[in-house]
């Protein structure tokens, strides 16, 4: 199971808390998923400080670890201010750092991200950066003090799955000791299983569960897929090969044809 | 039976109408004296759209909501039965299919069909969902009209707290102390004066991030709504929300670009954790609350339940006993 900044988390599944039909459905989705971490958006609800308190109390009552995020921030200054507000509101120095660089694709701004990560780490935050799978970016983030990396699978909310398998595999290989979480872009449990099979430590989803017709059932489906993928990764899967290899020896064939 | 109703928003007036219609002696008390900007139903869209709401709401909302248009009409409200059009911009076409799969009672319109219903939309859209059974009304005119008709029928309106007879509390978020599960869900809306826009029925624009509905109020006036933010804040429309709503309206019909921005409104909807309304009995006081975004759609059904509960009939469907 993953360890983030020295904290053991009992599940490889992390869930966002936006867009559910109701808080009751949200709570049921968490119960059936066994998710260990809930991300919560500070920014949109934070106008006037404590106004989102009712909703946050509901999330708090889920009994999972809270990871506030800076969703919707488009500049370093906004992200840093939002993180500071989150620390005050939720009493945690964990922050999922989003600095959006492109309004349409919601692609991270890698330059702003590194700068914000450096500032926040300096202020004692434990930063979970939402990033791309770019090796150099991830290296800079680790240098800036990030001990977790959260590369996207695909742009937020698209449900396209893992767009760059090569890049993600390469990221895993280059950062064997940094917890890696696939954040964003997953739409189906099979895609989450695939992320686990690649050796990622966890996945974070929101839209795929919240916008499903039956969010709680979908949450449970993702939990099963994540467990299956992680188990498979630990079981050392066979390598793919071009030549057919019968699992039962073929008798009576004398030649290697 | 003598009944005092606290609150003159859509819930309070519907309960008053239901009880007065059954011959009870009804007093409505509200510090503001009657319906107005102090209640969140003043800021509502006024769509009687159970089929569209079925996309995200539970079956009971659709079922109870179907009776709303007839109820309002029977109360003398001006109910406009022109259905709802649901559209999506080019690259969000998938949203429309998704919406169609999760809702019922609709049919597809092509460009010609759209041109027949709303000619201005046919230039930009070649596909729409048509929910023909839906209706809409003007919330403010409806509330004020109902208040006047109730007063004419002998319902007393007062600003004084009354303590005669049974009490039905319809005060929305103001009842939070008694109903701790209640929370606010902030909504921001706008009113535009756009004489160049000729829409005659509510239109919903599906969008993965910035969904929008537009309700015609007549005389070139349109209501744009509404954000849905987990916050009890009742003021402060944010620039972000206003931009999102206006951008979506402009994308729906560029003629909105020339509109006059007549009003920006903000309030918080009272909601329970399941986003369903409840009739709650708390030590003899009935609470009708949690109508969320379904005030005009569900208040008639809740009013009937409250009346039946007061009269000692079977416990209503959305009944909640108090568990201390």
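The backbone N, Cα and C atoms fix where each Cβ goes, and this holds for glycine too.
Record features, source TrEMBL:
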- A:96: active site, schiff-base intermediate with DXP (ACT_SITE)
- A:157, A:184, A:185, A:206, A:207: 1-deoxy-D-xylulose 5-phosphate binding site (BINDING)
- A:5-249: domain 'Thiazole synthase ThiG' (DOMAIN)
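Structural mapping of features recorded in TrEMBL.
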residue	record	Cβ within 10 Å
A:96	active site, schiff-base intermediate with DXP	27
A:157	1-deoxy-D-xylulose 5-phosphate binding site	17
A:184	1-deoxy-D-xylulose 5-phosphate binding site	25
A:185	1-deoxy-D-xylulose 5-phosphate binding site	24
A:206	1-deoxy-D-xylulose 5-phosphate binding site	22
A:207	1-deoxy-D-xylulose 5-phosphate binding site	19
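Across the structure, residue A:207 (1-deoxy-D-xylulose 5-phosphate binding site) and the residue listed as 'active site, schiff-base intermediate with DXP' place their CA atoms 17 angstrom apart. For the pair formed by residue A:96 (active site, schiff-base intermediate with DXP) and residue A:184 (1-deoxy-D-xylulose 5-phosphate binding site), distance between Cα atoms is given as 12 Å, rounded to the nearest Å.
Note: the 1-deoxy-D-xylulose 5-phosphate site is recorded as A:157, A:184, A:185, A:206, A:207; in the same chain, A:16, A:155, A:156, A:158, A:159, A:186, A:187, A:205, A:208 also have Cβ atoms within 8 Å of that site's Cβ centroid. Proximity to chain B, defined as a CB-CB distance below 8 A, holds for A:157 out of the recorded positions A:96, A:157, A:184, A:185. In this structure, residue A:96 (active site, schiff-base intermediate with DXP) is part of a beta strand by DSSP. In the three-state DSSP scheme, residue A:207 (1-deoxy-D-xylulose 5-phosphate binding site) is classed as helix.
Spanning the listed 1-deoxy-D-xylulose 5-phosphate site, residues A:157, A:184, A:185, A:206, A:207 have a farthest Cα to Cα distance of 9 Å.
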